[in-house]
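Asker: Would you mind keeping the following structure in view while I ask a few things?
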Amino acid sequence: MASESVKVVVRCRPLNEREKAMNCNMVISIDSSHCQCFIEKPGATEEPPKQFTFDGTYYISHSTEQIYNEIAYPLVEGVTEGYNGTIFAYGQTGSGKSFTMQGVLDPPSQRGIIPRAFEHIFETIQCAENTKFLVRASYLEIYKEEIRDLLGKETKQKMELKEHPERGVYVRDLSMHTVHSVGECERIMDQETQKLFKFECV
């Protein structure tokens, strides 16, 4: 990869039905060309909006496909080349994390980042010559600073976060499952929702 860094991206979701019923108004506007987000204070017409700049900003009209191509694709491509990569969705309940990461089947442009990454990885493997890949998947939940292995025998058992000088940060005794296709990955993901899915490619 050309550079190694942390990038922060913001996606703004539309008002949901409850918010519309309450006559809520949008207070956020986005300038994607300059990666800026503006927040207006309701009723304060004389106050300038607060301005924030990120590595990428996406508004209601943007699709998950565009976000994947611009943000996630280079990261997943780096993983297939042997680099570590993480896509971390953060936000309060109802902010759109699952919509972005898992997505919906229809329209196809809103398929999530996770299923797109599945296809990306296995398409790369199929096209690779003179290279062998071992793809292992783990599925864990981080909730209220507690970690649980969703594919382990004891899903309620709390896991420990450790750090190794060579491996880096890892979850002790986290189960790893060898997968050979997109379908196998999707079956694992379907077991639980709104959790973190982690790939390890060797």
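Cβ coordinates come from backbone N, Cα and C, glycine included.
Heads up, TrEMBL stuff is auto-annotated, nobody curated it.
So TrEMBL says this about it:
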type: BINDING; residues: G91, Q92, T93, G94, S95, G96, K97, S98; note: ATP binding site
type: DOMAIN; residues: 5-202; note: domain 'Kinesin motor'
Asker: Radius 10 Å, atoms counted are CB only; among the binding-site residues Q92, T93, S95, S98, which position scores highest?
Answerer: S98
Asker: Under 8 Å between C-beta atoms and at least six apart in sequence, can you list the same-chain neighbours of G96 (ATP binding site), or say none if there are none?
Answerer: R11, R13
Asker: Ten-angstrom check, please: count other Cβ atoms within 10 Å of the Cβ of G91 (ATP binding site), all chains counted.
Answerer: 12
Asker: Using all protein chains in view, find how many other C-beta atoms are within 10 Å of the C-beta of K97 (ATP binding site).
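Answerer: Around the Cβ of K97 (ATP binding site), 17 other Cβ atoms lie within 10 Å.
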Asker: For the domain 'Kinesin motor' (5-202), what's the model's average pLDDT?
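Answerer: Value for the domain 'Kinesin motor' (5-202), mean pLDDT as a whole number: 88.
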